[in-house]
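The transmembrane segment feature in TrEMBL is assigned to 34-55, 123-141, 153-172, 201-222, 234-254, 286-304.
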Amino acid sequence: MNRRFAALQVAVSAVALAAVVWWASRQDAPQIPHSSGALAWLVGALGVYALATLLRAERWRRIIAVAGLRAPARDVYALTVVGYMGNNVLPARAGEMLRVVLLSRRSQAGKRQLLGTVVSERVLDAAALGLILVVVAYGLLHGAGLPSERPLLVAAGGALVLALAVALLQLLRSHPALARLRQLVRPLAQAPRALLGRRGILPLAGSIVIWSLEASVYFAVARAVGIEINPIDALYIVAITNLFAMLPAAPGYVGTFDAAVLFGIKAVGAASSLALSYLVLLRFVLFVPITLVGLGVLIARYGGWAAMRSALRVEASKA
């Protein structure tokens, strides 16, 4: 991994985490709910998140198929969980490369082709979250008191990124000195290109469903700690939080995720005394179970930590 990028990740996480710690130190200690009703909400949140994870795996399988690649469905499902585990414990979202390398060993698809399917997932996620944020902020929540300037800035930033991407693509198409780079990038573009047009509508719709389910998790955890929000509030929080999570950060999105959750839950009117409890429980639901399950799958099916280190070491040596 590039040292400058690693330093950037550490810096971003450190700044965000410092702000969160400073704010949390001025709040009451978080209270973990013990009532039967709260536990029922938490169990429901875990179940919905498991369903969303299964749908993510199915989406990846379909993207692989649309791209004309072949991979065992069992490995696609298993490595989806392994990948999320890797993102939670490894720097630079290395879980994505981990699942690509391990799946390439179980299929006939090349690593760059499979990496293109992961790129497609991230593009679909960004598009779905952007659509959710725009609809919530400017439609359903118009005049509801939420910070309306920030979604406008997010939309403007997204348009700028899109314009830069188009300009870069034009450069890659026309500059003769970049022929070698085009050769390297072409396999990565296979899956995203396959999703252009009508074939991309269903994966995008599926991505919106996935993020709506994740918003249900945010909603259920809020109810568990006694925060009264509605489903639209939950959609707003999940969009803001996961757009922030795309910033470079340390493993587990330390700092960036936490700051975004606190910003979102406070924006919809939650009391500070409950916001910290909400963050602690939400982190548990979203990160702990899938990390443990992913680690178990990695050990039972793919050779454990030794295989993971070997896969990442080989890819790092080729970078």
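Positions of Cβ are set from backbone N, Cα and C atoms, glycine also.
Curation does not apply to TrEMBL; its annotations are automatic.
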Cβ-Cβ under 8 Å with the transmembrane segment (34-55): same-chain residues at least 6 beyond its ends:
77, 80-81, 84, 206, 209-210, 213-214, 216-217, 220-221, 223-226, 281, 285-286, 289-290
How about long-range neighbours of the transmembrane segment (286-304): same chain, 6 or more residues beyond its ends, C-beta under 8 Å?
46, 49-50, 53, 78-79, 81-86, 88-89, 102, 217, 252, 310
